[in-house]
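Features of the protein shown, as given by TrEMBL:
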{"type": "ACT_SITE", "residues": "B:His58", "note": "active site"}
{"type": "BINDING", "residues": "B:Tyr61, B:Lys103, B:Asp513, B:Gly550", "note": "ATP binding site"}
{"type": "BINDING", "residues": "B:Glu105, B:Asn551", "note": "Mg(2+) 1 binding site"}
{"type": "BINDING", "residues": "B:Ser106, B:His107, B:Asn108, B:His109, B:Arg128, B:Gln253, B:Glu325, B:Ser326, B:Gln327, B:Ser553", "note": "substrate binding site"}
{"type": "BINDING", "residues": "B:Asp129, B:Asp281", "note": "Mg(2+) 2 binding site"}
{"type": "DOMAIN", "residues": "B:24-62", "note": "domain 'Phosphoribosylformylglycinamidine synthase linker'"}
{"type": "DOMAIN", "residues": "B:86-201", "note": "domain 'PurM-like N-terminal'"}
{"type": "DOMAIN", "residues": "B:214-369", "note": "domain 'PurM-like C-terminal'"}
{"type": "DOMAIN", "residues": "B:456-575", "note": "domain 'PurM-like N-terminal'"}
{"type": "DOMAIN", "residues": "B:588-726", "note": "domain 'PurM-like C-terminal'"}
Amino acid sequence: MTARIGVVTFPGSLDDRDTQRAIRLAGAEPVALWHKDKDLKQVDAVVLPGGFSYGDYLRAGAISRFSPVMETVIEQAKAGLPVLGICNGFQVLTEAHLLPGGMLGNDHLHFICRDQKLRVENATTSWTSDYESGQEIHIPLKNMDGRYVADEYTLDKLEAEGRVAFRYLDFNPNGSLRDIAGITNEAGNVVGLMPHPEHAVEPLIGTGRTDGLPFFTSILKKLVNA
Amino acid sequence: MSRTPLDTVEHAAATPDVELPWAELGLKKDEYERVVEILGRRPTGAELAMYSVMWSEHCSYKSSKVHLRQFGEKAPESDALLVGIGENAGVVDVGHGYAVTFKVESHNHPSYVEPYQGAATGVGGIVRDIIAMGARPVAVVDPLRFGAADHPDTKRVLPGVVAGIGGYGNCLGLPNIGGEVVFDSCYQGNPLVNAGAIGVMRHEDIHLAKASGAGNKVILYGARTGGDGIGGASILASETFDDAKPSKRPAVQVGDPFQEKLLIECTLEAFQEKLVVGIQDLGAAGLSCATSELASNGSGGMRVTLDDVPLRDSTLSPEEILMSESQERMCAVVEPEKVDRFLEICDKWDVIATVIGEVTDGDRLEIYWHGGKIVDVDPRTVAHDGPVYERPYARPSWQDELQADDANKLPRPSSADELKDQVLKLVASPNQASKSWITSQYDHFVQGNTVLAQPEDSGMIRVDEESGLGVAIATDGNGRYAKLDPYAGAQLALAEAYRNVATTGAKPLAVSDCLNFGSPEDPAVMWQFAEAVRGLADACQQLGTPVTGGNVSLYNQTGEVAIHPTPVVAVLGVIDDVARRTPVAFQEEGQLLYLLGDTREEFGGSAWSQVVHDHLGGLPPQVDLERERLLAEILISASRDGMIDSAHDLSDGGLIQAVVESALLGGKGARLVVPDGLDAFTFLLSESAGRAVVAVPRSEEVRFNDMCGARGLPVTRVGVVDGDSVEVQGEFTLTLEELRKAHEETIPALLA
């Protein structure tokens, strides 16, 4: 038996097909979900992929958050459905208040694409259990609006509760506060990060590393063993 | 603003003496007279608009056509070519039922006027050409040329161009995998912003721009039509910039990549359901071009109701609607019973789609506005029968003097220390320095098929996950070489791109080109153009790589001063299994470094002559296409059979530049030994063509040498991958740290 993992396509999603490939390579079954459709097709988990949904007009993720599919995603995420937001997906999750804080334009004002070193700070979430806590990994990063911000109280709370899931190492590529690259909700079912694990799943492609694959094997194991 | 009364065909026939602004629209007197002759009356305002944009240099190739014919006449036999010159883009068979389409175009003039939007819409335009062939775009490349790196205006133009390319391409989800960035003061007032794209499709999905089948509907879909870019082609791209004229900014289009992304997805979905008979993108000359080309390439005529075109600005006149270059629009010809489904798909993607006309069984293109017929023309006279000029050309008087000013006679470094200083200066010079500050603003990873991206010798994309089939693309051009000898310069551009593709392990298949030159009205420039085209056509014939399409950009000059003649050549290659690709970076210490090919004293047009002496003179490196072909075969075989672990072509900056790049990318140094018969200076800095440096695992040494020996390729062992510095024995040592600092800090220091 395997797990069915949905990947939402918003208008302007770019990494939806890549994410489906990563899910397939991990051994799960990818299911395409459409932004206008409230039906999640009974998937076991959902990924909100990277891209520029609605052209990032208004504010990254601000319009997608109101799409029909998100009504169901928000409702079910609160009930425990595992949800991963990658890059633009992370932005949608913060706009939807499933995760705290928000994203501003990179401090250097340029788009940045690089092989980014990260430390896994929390290896207990639905999407990170195949990592070890403190593990250092390299995953491609590519964004325009990647500067994670939140108020001091929220940041302290995230730190205290171990909800900073990933931190940038060696180089902070966008000015994110406390080098935060990704966070989780309290329950550990909703995770968002700016770097792109789906671009690091095959030895020949991209940077040639497979450090992103454990995201997809983590969720698969959790769902299959559940 | 509409005239009163409406300038219909009838009205035009009745009022032969009305003066029309043909000169303002860029037509010459004899061209206007020819329009009158074709129509047998004066044109209506709308007809004049169409002829003026379609007969512009940019759209009609009127100055270049007589030379470009050679690409067809001299085209080598090629089994791979599925669609050749004349369509939106050429199509090449890459095996396993896959076809690849690719093309390079210029967006030079708009990018100088408005760098961000000019460059962004350049990407948008080339991508629509790819979609119009039926293919999913899979990658873009951007060959760019700017003025001096330290000139204040470069800091205005370059960051805008780069942000525009990134802003548009990243948002479309297309990995940017290659291209070039070159600085030279000759491009100060005329930066070259060329944009290339590759698309992949199955053979059966190839689509062409033609309107056939009377009764079929013509559907305009995508963005609404606005007042942007009106006359962009005719006024902007076909005239020399002149400070005295008013600002041309309103003629530059504004791009919306989000709209284009939707356009891609909805077009591909319509293709998948086989709903499209013919298709054309709206680029230069907008609806004038799309309607006249679709109609003239098909079997019938076309009737269009201009009132049905969705507008962004309701005050636009019919002439403006016909000339508008609003971006992100396409035109499809669809059978009547499939129209509903086509519109449904557009609706799914929130793309506005409107039936604006239909194919007729006549042979006229008729356009109506407010009930009156404002255009009634034979579409071929608009799209294909534009003026053809045999522009006078003559070898410039200064050419001999330039070639006599021999770079080989320039003072050379007199000590090892001086040589070391010059090498370090070269590695840090803007043209040789790392461009990662620029390329890191482009997404390389999206779509998850990028095998190689810049700074590799060619970009490489996996096409088929099952078999590992892939394609590679490289773009090259060296305006300095072409200035010294345009015939050889064009051949060297092809040779370098061909070599770059082979260096990564792919077999070169076909060529696209973007020919950037000054004013065709200057006989010296026209001579450069004629020589470059002749050189490129001859070389393509000899290497067996046909030209599948491309673009000519003329009038790249400010006042009397033209840019260096700059033919930019893109070569597309195929690799059976991307797992066999060869990267630039050194992989393992202890591997042996071999120099392939012959090294001569060749410094004409070299990076050394530019950086150390600010000199341009003499002759460019010799061209030996048979040698290029042999080198490519060796590189491909060695890659396929696992005999080499890294390879880098030798071009500007010579061997030392290549070794430094391989060392920095791999984080591993090298020890070099100057071979017998060469002095250190020539060994390190000569730019002889037909060469590459490869790293061979010791276990493969015998086999590799035997292969080169048996095929007659000169091969010289020049060193070993080792340590954390680049050492030239008996001369100097530079640590990787020093080299990295020199190589990587230049561009951010100048432009960030």
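Glycine is no exception: its Cβ is also placed from the backbone N, Cα and C atoms.
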- Task: Compare the C-alpha of B:Asn108 (substrate binding site) with the C-alpha of each of the binding-site residues B:Tyr61, B:Asp281, B:Asp513, B:Asn551, and give the closest one.
- Result: B:Asn551
- Note on the structure: Out of B:Asp281, B:Asp513, the listed binding-site residues, fewest other Cβ atoms within 10 Å surround the Cβ of B:Asp281
- Quick one, of the binding-site residues B:Ser106, B:Asn551, which Cβ has the fewest other Cβ within 10 Å? B:Asn551
- Secondary structure tally of the domain 'PurM-like N-terminal' (B:456-575) (DSSP, helix then strand then coil): 45 helix, 42 strand, 33 coil
- Query: Which listed range (B:24-62, B:86-201, B:588-726) shows the maximal number of Cβ pairs under 8 Å with respect to the domain 'PurM-like N-terminal' (B:456-575)?
  - Reply: B:86-201
- List nothing but the largest Cα to Cα distance in Å, as a whole number, among the residues B:Tyr61, B:Lys103, B:Asp513, B:Gly550 that the record says bind ATP. 17
- Item | Secondary structure of B:Arg128 (substrate binding site) (DSSP, helix/strand/coil) | helix
- For substrate: widest Cα to Cα gap among B:Ser106, B:His107, B:Asn108, B:His109, B:Arg128, B:Gln253, B:Glu325, B:Ser326, B:Gln327, B:Ser553 in Å: 21
- Shell of the ATP site beyond B:Tyr61, B:Lys103, B:Asp513, B:Gly550, same chain only (C-beta within 8 angstroms of their C-beta centre): B:Ile85, B:Val104, B:Glu105, B:Ser512, B:Cys514, B:Leu515, B:Val547, B:Gly549, B:Asn551, B:Val552
- Task: Using B:Ser106 (substrate binding site) as the reference point, find which of the recorded positions B:His58, B:Asp129, B:Asp281, B:Gly550, B:Asn551 has the shortest Cα-to-Cα distance to it.
- Result: B:Asn551
- Could you measure between B:Arg128 (substrate binding site) and B:Asp281 (Mg(2+) 2 binding site) for me? Cα positions, answer in whole angstrom. 6
- Item | Around the Cβ of B:Gln327 (substrate binding site), the count of other Cβ atoms that are within 10 Å | 29
- Query: For the binding-site residues B:Glu105, B:Asp129, B:Glu325, which Cβ has the most other Cβ atoms within 10 Å, all shown protein chains included?
  - Reply: B:Glu325
